[in-house]
């Protein structure tokens, strides 16, 4: 830096930068009048429009209200997040102003003419075009995706529940107490770990079964000599084609203990007619895994069928010459190629089932109830969060569990994407 | 000789497996169709092929005075269609920017999208509920559409960006030589070439709201505003009591059109998911 500075006889860039502490002045100094006025007006209107929101918002964010008759803690929290977002937007405009003054000053130091208004306009249209195109989508994303995430993060540090709930009461910041409680208080700890254990078993059990069945059927259908290929494949795809919520509700009826066909018709044939599918947690779990296998295998089947058709037949012919058995061909050729090709899809299948709310909730509402814990016997983390929010109004705890769940998902996601090629290729990013 | 016998055994076994799978796949479907023709409200003591089949449950569903089913159908189609149109527009704009321009924040933006698509947006359901409540959007379809559209942006942008990257940039450049502006290149050159991926994104953004249960359940309060998923759930649980046969008719009326649509568009689904899997 020192060397470079000597090359310049003037020091416009530093002066412009310093003057830009008040946005616009640096641009005036650089004799870019219009740009300076735009910055000045932007700053002024920002302060006029948002000073109240920012002051009130930050006050609310820190205190969450002091008097329950006037202050609604959750409203204050929402306004606080709004104030944070607006402040960040303002700061980024401010940074843009500083950067611009510095850049133009540097051009002057290098004895270049600053851009004319016309050129600036063209720069704005050219360089600003991607921002312009992304603004609508980005705004929506901020309000319906990023905003809720911030809200949940903040909520997990509050005591918002049935007893601390506006308008009658205030909500307070309690630091990490929710997280500590989940691991300290016996009923929470036991529930959390039993739900987590079942979530893991569910994710691995159901997903692996559906993948295994899908691959098996695809390989089987790929052998020569099977007739009616098209009809059979169409039937195999059917469970995917019917909306999942319809199938799950139908299964809930089929497994019903009084009128369900599983007990009354099918199992009755074998002399077993009274299995408590919906009232015994173990049987509900078995039923859920079978249902998810039924729902999920066609997707894998379709994917693997596509891959199999692209495996060159020479590989198998060479294996035949060497006298390989069917099992050897499957284990040495088919399986590695298939798994390699569909690996990213498989991982998304696991994360999907990890958060598969629909099947758990629609089949039996997460039930049956189990003594000694405040989640149902088949609740997975996401459905537990739902029932904590909707039926027992434990918002703070639910938010804390959401955070834990998100951390797990993000960790898996990052691990996955570091392995995929697209992440490393410069042009893809 | 020995070889062909082994082959025959293998094929016979395969057909047995296929038969078994047919039974497992088709039985629930036949059972629910049978139930929908069953007279009375409950299924107790009935057989899978009812001896006195009746269409009365279907008639009841189509009677606007007795049931909100048609309303639910209309609501669902309306929400799905608007979500689809909005998402396709926003996703195309964002994906085009990410694919064709190198701007400050691009890399961070892509990273954010990558992470966001991993967290299901209903994980923040408390926040969505509180926000809808504050803005007065609770129990409106607008809230649902906005949430669905916002949730669809990250994943589908990634999907479409991957496809746009494969359209040669030379096309853009030669158009620019001829004096076309950014927007014209986007609209007249890139978008027509991106039709296959637009079809895929449309399908995904239509079907996701269709199959969603949790957000609709949280945001919608009055019965006339329900979507099919919430309405159907209410038919067999909660306030409507046990009207299983009516539910069965409702389920059949959803399953058949959607399954037909799905089977005819299946190759788009597979191609879209493969693209998403290898490029996402």
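Glycine is treated like the rest: Cβ placed from N, Cα and C.
Residues or ranges marked as transmembrane segment in TrEMBL: B:12-33 (among others). Packing against the transmembrane segment (B:12-33) from elsewhere in the chain are residues 48, 248, 251-252, 255: each is 6 or more residues past its ends and has a CB under 8 Å from a CB in it.
The feature transmembrane segment is assigned by TrEMBL to B:72-98 (among others).
What TrEMBL lists as domain 'ABC transmembrane type-1' is B:73-265.
The annotation transmembrane segment is assigned in TrEMBL to B:110-131 (among others).
The transmembrane segment annotation in TrEMBL covers B:143-164 (among others).
The transmembrane segment annotation in TrEMBL covers B:185-207 (among others).
Within its own chain, the transmembrane segment (B:247-265) has Cβ neighbours under 8 Å at 29, 32-33, 35-36, 38, 57-58, 60-61, 69, 73, 203, 210, 228, 231-232, 235-236, counting only residues six or more beyond its boundaries. The feature transmembrane segment is assigned by TrEMBL to B:247-265 (among others).
Listed as Cβ neighbours of the transmembrane segment (B:143-164) (distance under 8 Å, sequence separation of 6 or more from its ends, same chain) are residues 79, 82-83, 86-87, 90-92, 94-96, 98-100, 110, 112-114, 116-117, 120-121, 128, 132, 135, 137, 190, 194, 196-198, 200-201, 204-205, 208-209, 212, 215-216, 219-220, 227, 272, 275-276, 279-280.
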